[in-house]
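J.: Per TrEMBL, the features are:
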type	residues	note
TRANSMEM	22-41	transmembrane segment
TRANSMEM	91-109	transmembrane segment
TRANSMEM	116-133	transmembrane segment
TRANSMEM	139-158	transmembrane segment
TRANSMEM	163-181	transmembrane segment
TRANSMEM	187-204	transmembrane segment
TRANSMEM	213-233	transmembrane segment
TRANSMEM	275-296	transmembrane segment
TRANSMEM	303-319	transmembrane segment
TRANSMEM	325-345	transmembrane segment
TRANSMEM	357-376	transmembrane segment
Amino acid sequence: METTEQVDECNQSKSKVLPRSALILGTLLFAAVVARFYVAFRYEVNWDEFYYLSFVHQLINGEAINSFQTFHIHFFTWLQHVSSNEVDQIIAARLVMLVFQLGTGLCIYKLCRLQCSVTGALFAVLAYFAFSFNVRMGASFRTDPIATFLVMISLFYVFRDQLTWRASVVCGVLTAVALLITLKTSLYIPTFLMTVLVCFYWTQDRVGYAKQILIYGCSILVSFAILYSWHYFTISGLSSGADAGSMLSAADKTMNQREFFPRWFYFQHSLVTDIGYWIALLLGIAFAVFSCFSQVQIDRATSLKLLSLVLLLGTFFLYRNAFPYYYAFMLAPVCVLFAVAWDGVHHYLNDKASHIFSIMIPGLFAVSIAVNGFVFPTKSTLDYQRDFIEAIHNIFPEPVAYIDRCSMISSFSKQGFFMSTWGYEDYQARGIPVIQSAIENANPVFVVANTHYLDVLGVNALNVNQSKEDEHGGSEPKDWLLAQDSEALKSNYIHHWQQLFVAGKVLHFTQADELQVIEIHIEGEYTLEGELDILLDGQTWNSDQVRYLSKGSYQVSSASAGEAVMRWGDHLHRPESVSQSHVLFTGF
């Protein structure tokens, strides 16, 4: 049994430690925010970011857009005025996402302060901002940062359990916007339901509480209907049937998985790189469970509400798209338990144990911030992506149709399918040669071979598309596409520069006056390159001359054996060769 003097001594000791701890945690949190800015300006742009930017440009260009999960586009049309380079546009968008992330951090802090200490709340926010995947991808240009911030405001409202009709309406609107932005907001439903049930059980005015929750629910439904209708009729949307089909297909694809823990690889990776995070989280869960029974640190109702946040971890077991960027969306409310862990360690454990915890875990967070916030962005920069896109805009001053993985030249009209793992699986399941159809109907002038799915063009032989994310084994390039699509690409495009292929033909004449028949699917001006002059439908086409070719069949021949190249464009500009090979994407 401790004496009164010993207790006072202990309390005085802790009162001296806690302010110092708060200062250290605040300093680390500041470093994490600085790292976020460095990542925003320097870290390689992910393919998803180009994809989301392309929806904005489709709205600007008046193209048909699927209204499903594209609500964000209305708020980013100003990006076209930032720069003509898509990388710079994404940097500007990242800064906006960073503001939303800071807002999410504030929501975490406010949630923690409902029950925990200031230092514990700072520790929780730091845990969120120091998680490896979140440092690198938490403020990337996706819909997730916006939805996370909006749903965290609503979660704070539900947690407080002091409801007003105005707050119910406002939070209902915010939740509806989050759902319009991304369907995965619905993954928060179990957490919201458990929190509401706990509050309803313990509240003194159940009828009043039920009314406010009903207002909240009705506000979500009405706001969703109104805002979706406005969104649909504002854009050049596809049919509502197609949109509904997309929503149902997405829900089935992401949740109806036969594979248990579909993204185990990334979770396993985080267990190693973020070991301090998971240790502290387990402690927070343990203290919350203990408090639920003992009601020493926090009362039972609050403990149960905190444990409802853990339900989000269960999405790892089923959710197909639990890629690294998903962690920032899912772990935001879970991080509230870190405040419980911090306060619990200092409440239940002795000074030595709490001191070790206070040094070790923040120390690991500091390492994560340094490595993921400064080292990775320095190694995997966006410089080559920016230079490559700048070169594309110099080669093609006016927008033309093209083919690539992810709408990398977002201001141009991309043809074909989005070449993500999801997109590729759907492409294989349908078995429709969409690339061949695009070449025959949409006149795509060039191809950016920025994925292994386009290896058929000989990208591997050029040694410009190898990346750790794209490895697929074997010494020979694998033909990933349908036979018709592979043939259409090989017969209509020639290499131009780095990962850029342009419309053209390489003509091989093994003997004089050999007659060949070629098909032109991509019309436009073509320059004849090489030393040979040829006959095109009986008319002489001298080397270095430009001729406009419409779609159709042509007969070509040459008076002598050799090789000639027909390249789209009037002496199409070719940038200087790069001294070493670069990749456009290195993965997560």
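Just so you know, glycine gets a Cβ as well, placed from its N, Cα and C.
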J.: Let me check one thing: do the transmembrane segment (275-296) and the transmembrane segment (213-233) come into contact, meaning three or more Cβ pairs under 8 Å with sequence separation of at least 6?
T.: no
J.: Can you tell me which of 116-133, 163-181, 187-204, 303-319, 357-376 gets the most C-beta pairs within less than 8 Å of the transmembrane segment (213-233)?
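T.: Of the candidates 116-133, 163-181, 187-204, 303-319, 357-376, 163-181 scores highest.
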J.: Should the transmembrane segment (22-41) and the transmembrane segment (116-133) be scored as in contact, given a threshold of at least 3 Cβ pairs under 8 Å and pairs 6 or more apart?
T.: yes
J.: Could you pull out which residues elsewhere in the chain have a CB under 8 Å from any CB of the transmembrane segment (139-158), counting only those six or more residues past its ends?
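T.: Distant Cβ neighbours of the transmembrane segment (139-158) are 36, 39-40, 46, 48-49, 52-53, 69, 72, 90, 93-94, 97-98, 100-101, 103-104, 107-108, 110-111, 167-168, 171, 174-175, 177-178, 181-182, 184-185, 188, 191-192, 195-196, 199, 216, 325-326, 328-329, 332-333.
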J.: Have the transmembrane segment (325-345) and the transmembrane segment (163-181) got at least three CB pairs under 8 Å, pairs 6 or more apart in sequence?
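T.: By the criterion, they do not touch.
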J.: Hey, would you say the transmembrane segment (116-133) packs against the transmembrane segment (357-376), going by three or more CB pairs under 8 A that are 6+ residues apart?
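T.: They do touch: at least three Cβ pairs between the two stretches lie under 8 Å.
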J.: Let me spell it out: take the transmembrane segment (357-376), skip the flanking residues so only those 6+ beyond its ends count, and list any with a Cβ under 8 Å from a Cβ in it.
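T.: That would be 17, 21, 24-25, 28, 31-32, 34-36, 38-39, 43, 123, 126-127, 129-132, 135-136, 273-277, 279-280, 345-346, 349.
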